[in-house]
Amino acid sequence: MDFSQPKKHPQKANKKRLTNEQVKLLETSFNFNNKLDSTRKSQLAQELGVPARQIAIWYQNKRARWRNQSLETEHKTLQQRLERVSSDKNRLEREVERLKGELEKAKDLLVSSKSMNYASLPSFSSSCDDVGSSSLLGDHGDFYVCFDDHQFDHKSNGHDFFARTMS
């Protein structure tokens, strides 16, 4: 009685492992063109002394490894980019909150300063462009300030509008 298992893939016994030189030649060929046409497949099989099917399978496996490696590289690049963008977003959110605080302080200072004569303030305009202008009075009216370095003294009436206060 023969209790040995029947061979499921009898061709595997005939399949030879590729030598380092054969792999180098296939790698060179793959780097030149990762698609294999039938002419090139036959040429490589004859040159290497292996079945054409083995060349086709090697190319198929190599393409799969190459795709996986490319995806891993792309994933790492995107992950690093995401980390940088997230860091920038967090930094910008903190900056927005800081600027909102400064804006509130400036609004409060202007609203509470009832003795301030608006006509005496330099370079106030209601026709500012969007850059460098802000609504300092919010719901208290449409009052916009344009900031030009040569026209605006940020220490108007003895108050430094941009100085950080200790809280």
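Placement of Cβ uses the backbone N, Cα and C atoms for every residue, glycine included.
Annotation source TrEMBL lists region 'Disordered' at 1-20. Taken from TrEMBL, the feature compositional bias 'Basic residues' applies to 1-17. As annotated by TrEMBL, domain 'Homeobox' applies to 9-69. Marked as DNA-binding region by TrEMBL: 11-70. What TrEMBL lists as coiled coil is 61-116.
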Requested in this report: Could you pull the average pLDDT for the coiled coil (61-116)?
Outcome: 92
Query raised in the report: Per DSSP, how many helix, strand and coil residues does the DNA-binding region (11-70) have?
Result: 46 helix, 0 strand, 14 coil
